[in-house]
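Here is what Swiss-Prot records for this protein:
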ACT_SITE  Glu109  active site, proton acceptor
DOMAIN    115-354  domain 'Radical SAM core'
DISULFID  Cys122-Cys359  disulfide bond
BINDING   Cys129, Cys133, Cys136  [4Fe-4S] cluster binding site
BINDING   Gly183, Glu184, Ser215, Ser237, Leu238, His239, Asn316  S-adenosyl-L-methionine binding site
ACT_SITE  Cys359  active site, S-methylcysteine intermediate
Amino acid sequence: MSEQIVTPESSTPVVPNKETKINLLDLNRQQMREFFKNLGEKPFRADQVMKWMYHYCCDNFDEMTDINKVLRGKLKEVAEIRAPEVVEEQRSSDGTIKWAIAVGDQRVETVYIPEDDRATLCVSSQVGCALECKFCSTAQQGFNRNLRVSEIIGQVWRAAKIVGAAKVTGQRPITNVVMMGMGEPLLNLTNVVPAMEIMLDDFGFGLSKRRVTLSTSGVVPALDKLGDMIDVALAISLHAPNDTIRDEIVPINKKYNIETFLGAVRRYLEKSNANQGRVTIEYVMLDHVNDGTEHAHQLAELLKETPCKINLIPWNPFPGAPYGRSSNSRIDRFSKVLMSYGFTTIVRKTRGDDIDAACGQLAGDVIDRTKRTLRKRMQGEVIDIKAI
């Protein structure tokens, strides 16, 4: 397992340069104001441009009608607004949309999950992942690189552009963002934190801190740093009731065990208002691996000092994986044990699994029909060969 924590020291230049245009999607509001100051402009001009960028999803300076023509001309010489492009779109029968998004010569995946009262966007932070969780499709491709700020916030921008910008449609197209796509967000703090700042900024996407969630598998030093930098909702990928099982399925546990991880979680909760005093526990259900009633009792004892709600996640198969999905009856028994201890327990509804957009299935490449057929067979579903 390769692990390198990138700490938040912005390296993005904010000095205008005609030879190398600055992508304004790489800049948070503080950096935008510095950039405009270096252009000889007042700080409020940065705020105006940000509103056009994020409230209207505008990437054309000429369309920014409250910006004078001279400034628009200067901006075109030294800056651009360039979000990553969608190279393929897949739509699920349940309304979920998965976009394969080009980042340089590679791809990441972003998932849009609409519901009656909300619309959640699942965003990637890295190309691949270094943590090698055994049940996750992303981990099987290894780690390639961190995404830039523009490639992270650009996923939100691109999705909002497609489904309808807030000022264009009159309603918020994305109500929640979860950093639960490809990669471990805490291994890319340099870019993840400024991107989340833009999500929260009133001149950015203006989301409540309770509606931006970062999920981590347990990079403890970075989690301790996060609490001093930004306040967002926290979810943790626990997936096991003891170190023996977690060492096997979440290898970073060998470096930062459950006790150490939960200690860092409690420290974060002490600093955070976004979490309302409790963390979300993510627990993927693997058949006869971590889903027995004895495991549920162990989990309840383990979490008794950590205020939390628990999401039980039916595992989503992918070709070559050594696991099976827990039966509904085993998940139900597990859930009832946890509830008997007083834990708020939710069985997550699987969304987008017919397009490989469900939890643990994002792989970066556009999934081909052969892989999808193999996955369906693993689930015991009958495949109509004519539909493949």
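Note that Cβ sites are derived from N, Cα and C of the backbone, with glycine treated the same way.
Shown on the structure are the features that Swiss-Prot records.
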| residue | record | DSSP class |
| --- | --- | --- |
| Glu109 | active site, proton acceptor | strand |
| Cys122 | disulfide bond | strand |
| Cys133 | [4Fe-4S] cluster binding site | coil |
| Glu184 | S-adenosyl-L-methionine binding site | coil |
| Ser215 | S-adenosyl-L-methionine binding site | strand |
| Ser237 | S-adenosyl-L-methionine binding site | strand |
| Asn316 | S-adenosyl-L-methionine binding site | coil |
- Task: Could you measure between Glu184 (S-adenosyl-L-methionine binding site) and Cys133 ([4Fe-4S] cluster binding site) for me? Cα positions, answer in whole angstrom.
- Result: 11
- Note on the structure: Gly183, Glu184, Ser215, Ser237, Leu238, His239, Asn316 bind S-adenosyl-L-methionine per the record; greatest CA separation between any two, in Å, is 19
- Message: Need one number: mean pLDDT over the domain 'Radical SAM core' (115-354).
- Response: 94
- List the residues of the same chain that sit at least 6 positions away from Cys133 ([4Fe-4S] cluster binding site) in sequence and have their Cβ under 8 Å from its Cβ, in sequence order, or write 'none'. Ala139, Ser217, Ser237, His239, Ile249, Val250, Pro251
- Query: At the level of the C-alpha atoms, what whole-angstrom distance separates Gly183 (S-adenosyl-L-methionine binding site) and Cys122 (disulfide bond)?
  - Reply: 12
- CB contacts for Cys122 (disulfide bond) [other CB atoms within 10 A, all chains]: 28
- Note on the structure: Sequence-ordered binding-site residues within 10 Å (Cα) of Glu109 (active site, proton acceptor), taken from Cys129, Cys136, Asn316, are none
- Which one is closest to Cys122 (disulfide bond) in space, judged by CA to CA distance, out of the binding-site residues Cys129, Cys136, Ser215, Leu238? Ser215
